[in-house]
Amino acid sequence: MRTTKAKNGIKTSWQRKAFMIFNLSFLSLISLICILPLVHVLALSFSSSFAASSGKVSIWPVDATLESYKYVLQNTAFWHAFVVTLKRLLFAVPLTLFIVFITAYPLAKNSQKFKGRELYTYFLLIPMLFGGGLIPEYMTYMKYGLINNIWVLVLPGLIPIFSIILLMNFMRDLPAEMEEAASIDGAGPLTSLFRVILPLATPAIATIALFSIVAHWNSWFDGILYMNHPKNYPLQSFLQKTLTAFDTRTISSKDLGMMRLISDQTTRAAQIFVATLPVLLVYPFLQKHFTKGLVMGSVKG
Amino acid sequence: MKQKQGHIPHKKLNRYVLKTQLTYHGLMLPACIFLILFSYVPMFGIIMAFQDYTPALGITGSSFVGFENFVRLFTLDNIQQIMFNTLYISIMKIILGLLVPIIFALLLNEVRNRLFVRSVQTIVYLPYFLSWVILAGVFIEILNPTNGLVNNVLNIFGIDSIFFLGDKNWFPNVMIITDTWKSFGFGTIVYLAALTSIDPSLYEAAKVDGANYYQQMRHITLPGIINIVVLMTVLSIGSILDAGFDQIYNLYNPVVYSTGDILDTFVYRLGIKDMLFSISTAVSLIKSIVSFVLIVISYRLAYRLTEYKIF
């Protein structure tokens, strides 16, 4: 504790105490503000729709019931979208990890060890800064026959440049001697990549896997854009349509809209919570790795 | 390597080097193919911005019109308002997105209780991982004018309910605040890491010299994190035309178009809903060029000021 060491007289330490009290309450308050909206929605999802519509629910369920969850879990469209998202994750995450891994490896070498590295760097960076835009992309993917195809949700995002940079920096920090020793023993670059580097890089790869899972889980716009049929929507696209499509109704035909809104309220809340649950479940692992990854990727530069 | 060259015959070494180089190129191949197919090929579609594009004729068949689309774009009567909205929302987000995490990290850094620090960090970081679709659902709920949580609280204090998402004066500010709410935890972690990497002996020395907390802050803490602050500021300039499509698209409605419409939502409505492919692509092109120039400048600046290098 700094206060015990600082001998600046009673006045300073009194002010210091006041500051710490203020500080702790302020930080707690802000944390509350960050979590409260989510707790409120959770409480709503477990409340009766009457309690919800009369505005009685704050952070604790009123007239606790599982009705809305029953409704959501019986909703085949919801499950259908859920399955599309799972399929998407199953295709995208391993493929992304593989490509990021094999791409980061040569880029982690310096330009002397890998001739042409500079060129590849530019080739990878340009799409990050410059793109064709919405319409040209749509038309290109349409020509590839990817519209309404699950692969359109997987393939365009397969080269996440930030992840490549992260893994590249990680590989650079690995002791070069290990790979040299392997090559003396007769290992080619591929052998040392998969048998020496891969085991060492698992923490970084886990970070990237989490990045990838969250990105694909949360992605909604490509689903709306590239899927003509709501049947093919991933979960977030499906929710986008059901959760946010009410505003115009409330305004145009107010009474009717409000009635629908109110009866939907707890169901919406349950849907929000079910869709958030997987992120909440991986969050503890996520946070640990992300913090490391972020610090690794940004502060050290 | 040099020491060990003696052990390996020269020819064998050459073959090894060649094989290694080829393997490296081979490993880069899949990424390059995917980038060509999914990023570089669509870039050719930019030609549409200079055409009177008709889907039936395609890019090869449509006639060229030069800069006509750009002229039409700049004479649209709401384009100035859209530019203003984009810049206002985005600049305010950048300012708050810098100030709030720095202040929050400074305050959190004063706390010595590890458990408290970690809990606060975990909580404020959480919203960052939730999609704007989910959060839009949450905000539509709690900002609801009839029985939303926020208005219920306002009513307790005798303030009339406000239709935050359906009032064109409130809408942009709600976007700025909710975005800061979502993302400041992320920034806090970066600054907190910078703060904890400051050498504690500097504080010890300052205390011996009789520096008070304010002086320690001014002469040790702030100089200790100024590099990362400059870096984050400079890097955020590149995204000045990105006011947040995900957020605004999920929260806006026709009533607030006048103050809430930004370039990205405008492009989407123009392109997908109104099928004005050429003008929409022209907007995308302008946005791409401006962003590209800004990012290149800001990276140069970041490198000059903080020696930061991305690759």
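Even glycines carry a Cβ here, placed using N, Cα and C.
No curator has checked TrEMBL annotations; they are predicted automatically.
Per TrEMBL, the feature transmembrane segment maps to A:21-46 (among others). Below 8 angstroms of C-beta separation, residues 52, 57-62, 64-66, 68-69, 265-266, 269-270, 272-273, 276 of the same chain, each at least six residues beyond the ends of the transmembrane segment (A:21-46), sit close to that stretch.
Annotation comment: TrEMBL describes A:82-283 as domain 'ABC transmembrane type-1'.
The transmembrane segment annotation in TrEMBL covers A:89-107 (among others).
Summarising the annotation, TrEMBL assigns transmembrane segment to A:119-138 (among others). With a cut-off of 8 Å between Cβ atoms, the residues of this chain six or more beyond the transmembrane segment (A:119-138) that come close are 103, 106-107, 156, 159, 161, 164, 225-226.
Residues or ranges marked as transmembrane segment by TrEMBL: A:150-171 (among others).
The annotation transmembrane segment is assigned in TrEMBL to A:192-217 (among others).
Distant neighbours of the transmembrane segment (A:268-286): 38, 41-42, 44-45, 52, 68-69, 71-72, 78, 206, 210, 213-214, 217-218, 235-236, 239, 242-243; these residues of the same chain sit at least 6 beyond its ends, with a Cβ under 8 Å from one of its Cβ atoms. Positions annotated as transmembrane segment by TrEMBL: A:268-286 (among others).
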